[in-house]
Each structure stands twice: as C-alpha cells, then as structure tokens.
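Novice: I have a structure I would like to understand better, so I am pasting it below and will then ask my questions one at a time.
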Amino acid sequence: MLYLCQNKGLLYFSFCIISHIIFVAGQISQNSWMAANVQNPHVSTLKLISVYIIIGVCTVFFLLSRSLAVVVLGIQTSRSLFSQLLNSLFRAPMSFFDSTPLGRVLSRVSSDLSIVDLDVPFAFVFSLGASLNAYSNLGVLAVVTWQVLFVSVPMIVLAIRLQRYYLASAKELMRINGTTKSALANHLGESIAGAITIRAFEEEDRFFAKNLDLVDKNASPYFYNFASTEWLIQRLEIMSAAVLSFSAFVMALLPQGTFSPGFVGMALSYGLSLNMSFVFSIQNQCNLANQIISVERVNQYMDIQSEAAEVVEENRPSPDWPQDGNVELRDLKV
C-alpha cells in the first residue's frame, strides 16, 4: 500500500483494473459472438466479421488506456519515492553516515530504485492481468461444464497454500540478496578508493578473492530463488493439467446438442490456455511480492531523523542582514 499511496497511485491502479476488466470482457464477448453465430444462417459473413472487428477495436482502446495508466503510475510513484528518499538522505545527520556502510546507501539509490522505477509498476499490471485472464478462462470452462468447479475450487485453494509456502522462503531470499549486494558494493567502493594502498602492499590477490567470495554469497540466494520458483511452477502446471483433463472428460460426456460446437471449441481453447495463464498469474504475484521488498528497503531510509530544519521561523535574520563583514564565533567547540 505504501507504493500505491504515492501521488494518486490508487486512482491510477483502479483505472488499470477497470480497463483490464473491460478488455477481458470484450475478448470473451468477441469470441462468444463468433462461436454463437459462425453457423447461424441468419447472420451474414459481413455482419459476423464487422461486429467481431468492432468489438476488437474497442477492447484495444481499453488495453491502451491500461498501458498509459501503468506508465503514469510508475512515473508518479517513483518520482515521489525518489524525492522523499533524496530529501531524507540529504537532511540526515552525520552520525547516520558514520554508522551506516556506504554500500547500503548505494544499493538503495541504485538497484532498489531501479526495481521501483522499471519493475514494480509492470509487475503490478502483469499480476493483475494474468490473474483476471486465469479466472476468466476458468469461468468460461465453468459455463460450459459447471462440474469442473468440483476440481477447480480445491485446486485454487491448494495453489494459494503453495503460493504462501513459496513466498515465505522467496521473500527472505530476496532480502538476503539485497543485504549481500550492499556488502559487495561497499567492498568494491573501498577497494577502488584504496587501490593505491592495496597495490603498494601487494594485496591484490586477497582483495580479489574477497570480492569473488562476496559475489558468490550474493548470487547464491538468486539461484535458490530460481529453484524454488521452478518448484512452484511444476506443481501449478500439474494442477492446471488436472483441471483441463477433467473438463475435457466432462465435455465428452455431455448429451449431444447441449452446446453448439462453436461454444465447446471456445471452451477448449480457453482451457488449453488455462495452464499458461494460471502459472503466469501465480508467478507474477510471487514476482511482485519479491520486488515490493525494494520499496520496503527504500522506505527504511525515507524516515531518517533529520538535522535541524532548514528555516527556523523564530530565529530568522533581519531583512537587511548582513550589515557588515564581521564574523563572530560564540561557544565554538572543536
């Protein structure tokens, strides 16, 4: 919520949701029109294609609106977070920089802000779009064969439990990745600053080995996260295949004439894409949960106790200050 509460972020995100819902509804209406009237002798070919194209053009308009809203959301929220972070760091007391390694600050203003700028807004819309697509595909299957709900509902519950089980490890791995990245950046900065001293004492090999060790520690959480993602995807694909197989089995048992061949074909086409959309939905939700950690890391340095205020209203100089060039020092302690 911290991300969406910046600069009318909730407004833009709500507009994205509405636009994508209309886009998905338009796609279903487009395919339903074609499936219902492709064998209808009372509908001419010109009318069939014209209505299909008109619905498609309207849905493209809402898709474009969603994309523009995502871009505005990313720009506005990133600008707000960056301004708050920069103001907090510039107003931080010297004790903060004495006690905080430089690598931690650099990781916030470089890699974390890069994720906030480029990845988080698109992760939001991809997660939203994939989830709506998955549930719309499941809805089309349920309309043709409502019996599929007996399998799909337990599968959704199981998928949510798997997702929570995965996120418990993935979030910690991303936090470890960010922490080790700070140590790597700090060591690299210190090595560059002291390059002359390192060469004078011929300690290049030791610093090089230390750098490789930090790189390994930083890369390990990423590979573990990749392995856990594949673990999750494998189980989601098995569940999606089970839902599709059960749906196709029920369709084969339907009495002849229950649905037109066009509707059955449309349902099967949506069922075939259910596997990909369902996996894509859960995967994007997990990616969003991992990437939102960068917002948390940036927020840690947005509320630093600052120095005195830039302007103290009770202690303002007179409008004609300075009147002469004298400098007076009082109670100076060095």
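The backbone N, Cα and C atoms fix where each Cβ goes, and this holds for glycine too.
All annotation found in TrEMBL is predicted automatically rather than curated by experts.
From a predicted model like this one, the values you see are computed outputs, not experimental measurements.
Take a look at what TrEMBL says about it:
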TRANSMEM  9-29  transmembrane segment
DOMAIN    21-290  domain 'ABC transmembrane type-1'
TRANSMEM  49-75  transmembrane segment
TRANSMEM  113-132  transmembrane segment
TRANSMEM  138-160  transmembrane segment
TRANSMEM  238-257  transmembrane segment
TRANSMEM  263-282  transmembrane segment
Novice: If contact means at least 3 Cβ pairs within less than 8 Å, sequence distance 6 or more, would you call the transmembrane segment (138-160) and the transmembrane segment (263-282) in contact?
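Specialist: Taking Cβ pairs at least 6 residues apart, the transmembrane segment (263-282) and the transmembrane segment (138-160) are in contact, with 3 or more under 8 Å.
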Novice: With a cut-off of 8 Å between Cβ atoms, can you find at least three pairs linking the transmembrane segment (263-282) to the transmembrane segment (49-75)? Only pairs 6 or more residues apart in sequence count.
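Specialist: Taking Cβ pairs at least 6 residues apart, the transmembrane segment (49-75) and the transmembrane segment (263-282) are not in contact, as fewer than 3 fall under 8 Å.
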Novice: Would you mind listing the long-range same-chain contacts of the transmembrane segment (238-257), meaning Cβ under 8 Å and 6+ residues beyond its ends?
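Specialist: Same-chain residues near the transmembrane segment (238-257) but 6 or more away: 138, 141, 144-145, 147-148, 151-152, 155, 158-159, 264, 267-268, 271-272, 274-275, 278-279.
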